[in-house]
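Peer 1: The structure is given below, and queries will be raised subsequently.
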């Protein structure tokens, strides 16, 4: 049976149209989550429909803070510790494929951040001073 060039072109086009969605679904399924503070904007979590279901790890003296970044530990009683031995435990959050949820009162633009220490509000990729967090 001979196939004309036109038939082959239609066959190739149909195969591409059918295989492209399959390829995209496969790639999306292979994407792993990442630590809530080190994902690129619009990156891994943007395609992940699962919301964080676990609290971020405790850190700091006597575990009174919470991890809000790979080397950042914040708490109401301790402020924010960055790059200190007490914040080193926060590196373990990077090993988890599931993002964690930072606890604290909502703050920031459109209430997308959380108060993590006295006067400090952290959003997805940055922390700043915020009078709502007092």
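The backbone N, Cα and C atoms fix where each Cβ goes, and this holds for glycine too.
Under the heading signal peptide, Swiss-Prot lists 1-33. If you look up Swiss-Prot, you'll see 34-39, 56-100, 59-73, 67-90, 74-80, 107-121, 115-133, 122-127 marked as disulfide bond.
Tell me about the surroundings of these features in the structure.
Peer 2: Following the DSSP three-state reduction, the secondary structure of residue 56 (disulfide bond) is coil.
DSSP assigns residue 73 (disulfide bond) to a strand segment in the three-state reduction.
Residue 90 (disulfide bond) counts 27 other C-beta atoms within 10 Å of its own C-beta, drawing on all protein chains shown.
Taking the Cβ of residue 74 (disulfide bond) as centre and 10 Å as the limit, one finds 29 other Cβ atoms among all the protein chains shown.
For residue 107 (disulfide bond), the Cβ neighbour count at a 10 Å cut-off comes to 20, with all displayed protein chains included.
DSSP gives residue 115 (disulfide bond) a strand state. Sequence-distant contacts (6 or more apart, same chain, Cβ under 8 Å) of residue 115 (disulfide bond) comprise 104, 105, 106, 107, 121, 130, 132, 133.
In three-state terms derived from DSSP, residue 122 (disulfide bond) belongs to an extended strand segment.
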Peer 1: Spatially, which candidate from the disulfide-bonded residues 56, 67, 74, 90, 100 is nearest to residue 127 (disulfide bond), comparing Cα atoms?
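Peer 2: Closest by Cα: 74.
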Peer 1: Tell me which residues of the chain lie with their Cβ under 8 angstroms from that of residue 80 (disulfide bond), as long as they are six or more apart in sequence?
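Peer 2: Spatial neighbours, sequence-distant, of residue 80 (disulfide bond): 68, 72, 73, 74, 116, 117, 120, 127.
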Peer 1: Looking only at C-alpha atoms, tell me how far residue 56 (disulfide bond) is from residue 67 (disulfide bond), rounded to the nearest Å.
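Peer 2: Rounded to a whole number, the Cα-Cα distance is 6 Å.
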Peer 1: Closest of the disulfide-bonded residues to residue 100 (disulfide bond), Cα to Cα, picking from 59, 67, 122?
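Peer 2: Going through 59, 67, 122 one by one, the closest to residue 100 (disulfide bond) is 67.
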Peer 1: Express the distance between the Cα positions of residue 59 (disulfide bond) and residue 122 (disulfide bond) as a whole number of Å.
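Peer 2: With the alpha carbons as reference points, the distance is 16 Å.
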